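Structure below; questions to follow.
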Amino acid sequence: MSLQSAQYLRQAEVLKAEMTDSKLGPAEVWTSRQALQDLYQKMLVTDLEYALDKKVEQDLWNHAFKNQITTLQGQAKNRANPNRSEVQANLSLFLEAASGFYTQLLQELCTVFNVDLPCRVKSSQLGIISNKQTHSSTIVKPQSSSCSYICQHCLVHLGDIARYRNQTSQAESYYRHAAQLVPSNGQPYNQLAILASSKGDHLTTIFYYCRSIAVKFPFPAASTNLQKALSKALESRDELKTKWGVSDFIKAFIKFHGHVYLSKSLEKLSPLREKLEEQFKRLLFQKAFNSQQLVHVTVINLFQLHHLRDFSNETEQHSYSQDEQLCWTQLLALFMSFLGILCKCPLQNDSQESNNAYPLPAVKVSMDWLRLRPRVFQEAVVDERQYIWPWLISLLNSFHPREDDLSNTNATPLPEEFELQGFLALRPSFRNLDFSKGHQGITGDKEGQQRRIRQQRLISIGKWIADNQPRLIQCENEVGKLLFITEIPELILEDPSEAKENLILQETSVVESLATDGSPGLKSVLSTGRNPSNSCDSGEKPVVTFKENIKPREVNQGRSFPPKEVKSQTELRKTPVSEARKTPVTQTPSQTSNSQFIPIHHPGAFPPLPSRPGFPPPTYVIPPPVAFSMGSGYTFPAGVSVPGTFLQSTAHSPAGNQVQAGKQSHIPYSQQRPSGPGPMNQGPQQSQPPSQPPLTSLPAQPTAQSTSQLQVQALAQQQQSPTKVIPALGKSPPHHSGFQQYQQADASKQLWNPPQVQSPLGKIMPVKQSYYLQTQDPIKLFEPSLQPPVIQQQPLEKKMKPFPMEPYNHNPSEVKVPEFYWDSSYSMADNRAVMAQQPNMDRRSKRSPGVFRPEQDPVPRMPFEDPKSSPLLPPDLLKSLAALEEEEELIFSNPPDLYPALLGPLASLPGRSLFKSLLEKPSELMSHSSSFLSLTGFSVNQERYPNSSMFNEVYGKNLTTSSKAELNPSVASQETSLYSLFEGTPWSPSLPASSDHSTPASQSPHSSNPSSLPSSPPTHNHNSAPFSNFGPIGTPDNRDRRPADRWKTDKPAMGGFGVDYLSATSSSESSWHQASTPSGTWTGHGPSMEDSSAVLMESLKSIWSSSMMHPGPSALEQLLMQQKQKQQRGQGAMNPPH
């Protein structure tokens, strides 16, 4: 057989020469390569021993595959190559063929030599009944070790091919299977190191280079690779830091080993070691490491110790140079210090089961090495660290050792032992273990059994130390129970609670304490955002869960705010809020740009608002509700009380302010929130009467406002309306702070935040909403902009039955225009329960302060537009509207005469209702939204509550695609309020899987904390169509919303009301924003819409002014008829472009 193999080898040499001949074309070279592959395969299968002696497996890889791969890779990387795309295609095809070749070769080798690999799929599983081997008599049976080697060779190169194809997970799997097959061969470990290096994992890279060297058959290139990696680490600059993160510690740790391995700058070892010991203790108590990292650190130390003095040197007398002795001393000191801290950590944290800080595997590995090197106990550095042994004894006694543990003969390897099989420094310790079963050695409760086996082996090592080093440890046997004792006094560490700061990830541990100390109202708000339930208990969770937000908050920490406010903000930070919501916090009119990137939960996100006279200098404190301030001085009819949110004066700063904050346009709301834009705050918000319920609702509004703002609002509520209970704030969008909190809590709600239309919303929120509505039903379009009775009617038509409104028994005074925030209707189907719980309190408390008012829009409001001064708004109508708004359900269970008048004609008419037409004319609504809303008594509420209005619900159900787009920028700001409205239910009904919770935080472009659940609305983007930055429902990206005024054509359109909560399909398909810029989609149609709106407003004026005190079906019917006619005329123009 050797003759035939020799003949194959000669033919292979000829083929290799032909392949290097430049005269041959690609086709001839390809043919020669295929022939060479076939020859080598035959040699490996027929005479494996001969082939391995001739290194055929290496020639096969190098000449048949690697050289060609390297050539194609070089050509593909050359950007000047005009045929790059063709080369890349050829490379992909060649890698695919190479993978197939080695897979087939491995399968054939296993079949021919009857090798059973754990990673191999047997032929029977592939449907192959029999494997008839041809020429079986000609096959020379190889040794089992040769079979294992060639199979490992195939697995390694399969991993290489997968790595070239950027399939890192598959490559790692191949490498690990290869290492398990022959642990004494260093090649798989070298490849794993290369793979880890490509991922930027420096600690794992060094670990596997050490593993590749410290084996029976080290891989030659591993030593060179390790030297290069350590040299590169030494060349990096040192950064002076008082506190290190894990990455800082790893860099310093690798530098330390670079000094030792390369014997360079040894004078730096001692100070660097001391710093490493100090930071290791701090990080370990903070649970910054995981179990695998601790094992890697320990093994790297053991590798260096073994490299300096192996076992052969232990038994013989050797003279060491001064440098070698210094390196050994410093390394051993570092190793023993780490061991002591590892023994102390589980006692301090009492969390052995925690994967984040589980040091026992590293302790086990360290103790195994000490048992193999008994002379180490005589070293001076070990004597200097006798405090280790009392800690070790406490650890062993915590296992409740028994005499039976010493006789345990379980040979099953632990995970750390399985990982380190073949490691020369520990090889003798693993001789009695059975690695043949791989990871399947333990069945049933693996973790529990492994924990007990590890404890038993540690107890056994402790007993060995007690027998051989009685001066350090003694062991007493009391009726089968073991007790370890020592005469060495135990060292009490400095308060390790410092470690519990949760360093790195939790640098702002204060945030957690603040959240814990925060008022129950704030907690409830946070919990609401987090969980559908309104329970305050859930509020605590957000504090712990949203640690990611802490970092962004650090950025804002620079701003000085009252501690009280900071607390609230801290909690808010924990509950990720859409950047848009946070944006409103900033005072600058350009907030839109900043707000996207400033989460509300950040302290700096809420600078003090100088425009608020009554507001305390601390920006975090939210002033009590301000008396109604109507720019026009308009007053509502007697008997009608309008929340301050609705009464915000049109005098509010122009849209610019609103835009900057992206906050709701309602001044009262911004005033409540320190983060509201200064100009907006200056508006009548301040003058809102303390009776406004928004304050009470603020706690429930966690969506929009920061926790601090919520707290401030609660205080203000108590001041303004001490008699009012602080209900769930979630429903009252007017309260920006409340909304922010809710948004933070609810990830899906946060999606709304990104639009951060709060400021624009306050201005022309309703109209803009319609601008952004998709080609959805005119009613739906209208609903976002006009959430007043019109909106109610539309949703009522669709959902009125399912949503019985609260009995129309609210007093006019209690009924606030903001209450018309159709929170209940907005969440009509899924949010009913939540809304039922929250709507009354939230609406009342939030609406007055935070309602978005079209008045705030730069467009001046007509005197009649002012909700207070508008004579067009009949008291009865106001009362009825307020009652409807107050009622959580959209259904009018006990509507006054006005309700039937409104519902009957509006809901039943086949054509568009007045409100529908208004909605269809977003531009008009935008310009006259304040007037219309004030006329209807919904102006403020609609603006503030567009998200929660029943039209939103309708959008949520029917207009999922355009729901987000439909929402106005103001709606986006109101999103927070919507969330607060639905504290119990985070719009789960309309949100499929696109809620913030389902969305990865990282997708949230505006969220400073990508991990935070309630992070900015961008989180929803994953659900929405990729073309838009909208939330799952299609809400435009917060960034777009914030930078541009939604009401302006140049601003991004946003669906902040119910649309954001719609299913992802709505955002992807229906969202007209997708087709065009989200902000300016409707702006192009603004003039026509404004004209129609003006005409409609004039007609309303004439009708309502004539019968102001006698609202009845006749006036409404006339208005509806006019509206219907107008709709028919300009219906085309009213529909938003898609």
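Here the Cβ of each residue, glycine as well, is placed from N, Cα and C on the backbone.
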If you check Swiss-Prot, which stretch out of 446-478, 1106-1138 is marked region 'Disordered'?
1106-1138
Can you count helix, strand and coil residues in the compositional bias 'Low complexity' (1118-1132) using DSSP?
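Secondary-structure breakdown of the compositional bias 'Low complexity' (1118-1132): 15 helix, 0 strand, 0 coil.
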In sequence order, which residues at least six apart in the same chain have a CB under 8 Å from the CB of SER2 (N-acetylserine)?
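Counting only residues 6 or more apart in sequence, the Cβ neighbours of SER2 (N-acetylserine) under 8 Å are ASP47, TYR50.
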Using DSSP, how many residues of the repeat 'TPR 1' (152-185) fall into helix, strand and coil, respectively?
27 helix, 1 strand, 6 coil
Suppose you look only at the repeat 'TPR 1' (152-185); what would the mean pLDDT be?
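Across the repeat 'TPR 1' (152-185), the average pLDDT comes out at 95.
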